[in-house]
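Just below is one structure, and these are the notes that go with it.
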Amino acid sequence: MVAEESGPGAQNSPYQLRRKTLLPKRTACPTKNSMEGASTSTTENFGHRAKRARVSGKSQDLSAAPAEQYLQEKLPDEVVLKIFSYLLEQDLCRAACVCKRFSELANDPILWKRLYMEVFEYTRPMMHPEPGKFYQINPEEYEHPNPWKESFQQLYKGAHVKPGFAEHFYSNPARYKGRENMLYYDTIEDALGGVQEAHFDGLIFVHSGIYTDEWIYIESPITMIGAAPGKVADKVIIENTRDSTFVFMEGSEDAYVGYMTIRFNPDDKSAQHHNAHHCLEITVNCSPIIDHCIIRSTCTVGSAVCVSGQGACPTIKHCNISDCENVGLYITDHAQGIYEDNEISNNALAGIWVKNHGNPIIRRNHIHHGRDVGVFTFDHGMGYFESCNIHRNRIAGFEVKAYANPTVVRCEIHHGQTGGIYVHEKGRGQFIENKIYANNFAGVWITSNSDPTIRGNSIFNGNQGGVYIFGDGRGLIEGNDIYGNALAGIQIRTNSCPIVRHNKIHDGQHGGIYVHEKGQGVIEENEVYSNTLAGVWVTTGSTPVLRRNRIHSGKQVGVYFYDNGHGVLEDNDIYNHMYSGVQIRTGSNPKIRRNKIWGGQNGGILVYNSGLGCIEDNEIFDNAMAGVWIKTDSNPTLRRNKIHDGRDGGICIFNGGRGLLEENDIFRNAQAGVLISTNSHPVLRKNRIFDGFAAGIEITNHATATLEGNQIFNNRFGGLFLASGVNVTMKDNKIMNNQDAIEKAVSRGQCLYKISSYTSYPMHDFYRCHTCNTTDRNAICVNCIKKCHQGHDVEFIRHDRFFCDCGAGTLSNPCTLAGEPTHDTDTLYDSAPPIESNTLQHN
């Protein structure tokens with residue numbers, strides 16, 4: 001007959017209904033009187049145990065069995081389990097020492113789970129392997145076969161705060177015999193009093209319920225932990241309406257509080273005396289552990305957690321400090337501590353304040369959706385912040401002010417409703433290897449005499465700029481990757497003077513580095529590339545030093561000086577820009593030294609609109625247009641530059657341009673080494689102009705020049721060409737050994753288009769043919785006049801730079817000296833003007 005079960009283990013039991021076979025002898029161990037002794041009992045995983053065979057009266061002679069006297073051998077496992085279900089923990093441990101079978105059954109996890117939940121209420125085992133360490137586990141994933149029993153052992157000697165249960169417990173001593181090590185109290189204050197009177201060792205379990213207005217001042221190393229089913233901290237709520245909910249005082253060095261909700265909920269939420277009241281108050285010379293707590297304060301005048309004073313050094317971990325009506329966590333007055341893996345969100349003021357030499361270590365906290373700043377360090381506050389996720393705060397993610405000096409490492413600071421990091425009023429700090437992105441304002445903002453270190457960060461995809469340094473700001477900006485920002489990657493203004501080095505500033509929707517309003521700074525060894533506007537702007541009285549940078553592949557200008565922008569540009573590589581490598585305009589007067597400027601789709605250096613500048617010892621080559629353009633009343637100084645292998649001219653001076661050109665080497669350029677036009681008047685001294693593929697120097701369109709001590713040699717078209725009406729001042733020039741291809745072509749009767757094609761402009765006598773109805777924009781070389789237009793009504797135009805339209809095939813009659821027409825030259829009449837930057841349109 002099958003026994004009917006009603007006790008624990010009746011459902012889904014691993015033990016099948018069966019009787020034991022008779023054994024010749026049994027194994028037993030001495031009975032222990034405590035849980036410590038029970039820990040040595042033999043335990044096995046019974047879920048996979050082989051099923052015992054039923055005992056048949058026909059197959060065994062029961063009267064002859066040597067173990068007949070042991071009735072328990074004949075009981076089914078389920079019956080034994082039913083009996084064991086009425087035992088308490090110490091009796092179970094004693095039963096486990098009787099024999100191997102009892103050891104197996106008395107260690108049944110279901111028995112221990114029932115006992116465990118009856119005492120501690122946890123629906124998952126709470127492990128306590130060492131002082132100050134508690135954590136819950138999933139039983140199925142734990143390596144020990146009976147985690148319920150193991151946790152019971154670890155938590156056994158403790159006091160329980162369980163309102164209403166103490167009277168029942170002490171009124172039924174027989175029912176709870178063996179639980180003398182457990183104490184029960186109705187209030188937390190009573191339990192703390194029991195610790196002071198040494199009734200127990202200081203482990204307090206606070207069971208489910210709301211505990212209001214208790215006086216919880218902790219002056220000893222007690223351990224207080226919530227005990228409840230499900231999510232423990234939601235079920236154990238301790239609140240105060242008049243005073244700080246928990247106060248840790250000297251003597252509580254190793255105290256532990258965990259797995260509960262701690263609230264400060266005053267009736268008058270704005271009363272001024274509450275500014276000294278908090279959910280948690282941790283004072284001098286104590287280092288408690290606060291673990292897995294939910295912390296809430298509705299008070300508008302005091303922080304939720306306040307850690308203050310020398311020697312205050314708590315560990316606060318896995319806590320949720322949210323929805324508070326003031327500051328979440330406040331660390332001040334030389335306090336320290338370790339704060340790890342906390343959730344800090346939706347607080348009315350800063351998520352964290354650090355002030356007055358507070359110096360915490362804050363790791364892996366999630367600080368978000370604050371109604372103010374995320375982290376605020378000020379008044380000499382410090383701290384080490386590592387691997388925190390700081391985002392979606394209403395003001396900056398991280399603010400540093402008034403001599404504060406935090407270290408922020410490998411954090412993510414993003415999606416701020418204003419900026420990412422804000423350092424002001426003499427703030428300092430080290431910001432290292434962080435990701436700063438998608439903030440509405442600047443990723444990093446440094447102002448008002450602040451001097452932080454910004455190293456190794458990724459600053460990207462901001463809705464404004466990357467790093468802004470304003471208002472006498474300083475700082476070291478080093479080794480950062482700054483990209484994809486809507487405005488300038490770095491902006492320096494109003495007397496600020498940072499050091500900017502080893503950064504990559506690229507792919508911005510605006511410019512790379514913008515220095516304006518008397519900005520300064522040392523900008524060296526950066527790579528600035530692929531920005532939509534200028535790689536570097538310098539304007540409005542600014543004087544930065546740019547040294548050893550690589551500025552390249554921009555969609556406009558490389559470096560742009562305008563509106564009295566000054567400074568030093570030296571030892572840089574500036575290349576492959578869609579516009580000029582360098583532009584100087586409107587009173588700007590930089591010193592440009594020892595740079596390599598090449599590969600531009602426009603000119604190398606463009607000086608225009610009254611620009612100045614001292615341009616010395618540069619190498620300017622392989623630009624699509626002139627190596628240097630000087631225009632519109634500009635007056636730079638060029639010394640000792642090498643300007644070569646340009647796809648247009650070497651130096652072009654137009655529209656009233658002036659300048660001093662001294663000791664430059666100008667060679668191997670496709671057009672004239674120096675072209676001077678349209679009322680310009682430069683001074684050229686001691687230059688060498690040679691090996692050009694066109695003329696050495698050409699002067700035209702009412703321009704003049706002073707030429708002293710120049711050497712002009714081995715140029716293809718010739719050395720010096722002066723258009724009609726041009727007068728120059730010349731002294732001690734050497735014009736020698738030029739190839740004179742123009743004169744040779746004329747003397748051989750060739751059309752000059754033969755040597756120029758439509759890409760060059762040889763200077764010689766040019767004419768117009770009235771018979772062929774040529775326009776004012778057509779010109780015919782002297783040999784075509786003699787041969788192709790012989791007998792026509794012709795008119796001498798002037799000695800100047802043209803190419804022959806007859807030889808180009810653009811006239812009605814074919815040229816008899818040249819080949820087939822190759823190109824329409826009506827619109828190709830002079831060197832193409834450089835493209836001027838439209839950067840200002842985007843300011």
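Cβ from N, Cα, C; glycine included.
Under the heading region 'Disordered', Swiss-Prot lists 1-63. Summarising the annotation, Swiss-Prot assigns compositional bias 'Polar residues' to 30-45. The feature domain 'F-box' is assigned by Swiss-Prot to 69-115. The repeat 'PbH1 1' annotation in Swiss-Prot covers 311-333. The repeat 'PbH1 2' annotation in Swiss-Prot covers 334-356. Look at Swiss-Prot and you will find 403-425 tagged as repeat 'PbH1 5'. For 426-448, the entry in Swiss-Prot reads repeat 'PbH1 6'. Feature annotation from Swiss-Prot assigns repeat 'PbH1 8' to 472-494. According to Swiss-Prot, the repeat 'PbH1 9' annotation covers 495-517. According to Swiss-Prot, the feature repeat 'PbH1 10' maps to 518-540. For 541-563, the entry in Swiss-Prot reads repeat 'PbH1 11'. The repeat 'PbH1 12' annotation in Swiss-Prot covers 564-586. Residues or ranges marked as repeat 'PbH1 14' by Swiss-Prot: 610-632. As annotated by Swiss-Prot, repeat 'PbH1 17' applies to 679-701. Feature annotation from Swiss-Prot assigns repeat 'PbH1 19' to 725-746. Summarising the annotation, Swiss-Prot assigns zinc finger to 749-820.
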Open item on the list: Do any residues, 6 or more residues outside the repeat 'PbH1 1' (311-333), come within under 8 Å Cβ-to-Cβ of it, and if so which ones?
Closed with: 132, 233, 248, 269, 278, 282-305, 339-358, 360, 370, 381, 383
- [ ] Check the repeat 'PbH1 11' (541-563) against each of 403-425, 426-448, 495-517 and return whichever range has the most CB pairs under 8 Å.
- [x] 495-517
Open item on the list: Which sequence-distant residues neighbour the repeat 'PbH1 5' (403-425)? Criterion: at least 6 residues beyond either end, Cβ under 8 Å.
Closed with: 354, 373-375, 377-397, 431-450, 452, 459, 462, 473, 475
- [ ] Over the repeat 'PbH1 2' (334-356), work out the mean pLDDT and round it to an integer.
- [x] 98
Open item on the list: Treating G and I as helix alongside H, and B as strand alongside E, what does DSSP give for the repeat 'PbH1 9' (495-517) in helix, strand and coil?
Closed with: 0 helix, 10 strand, 13 coil
Open item on the list: DSSP on the repeat 'PbH1 11' (541-563): how many residues come out helix, how many strand, how many coil?
Closed with: 0 helix, 10 strand, 13 coil
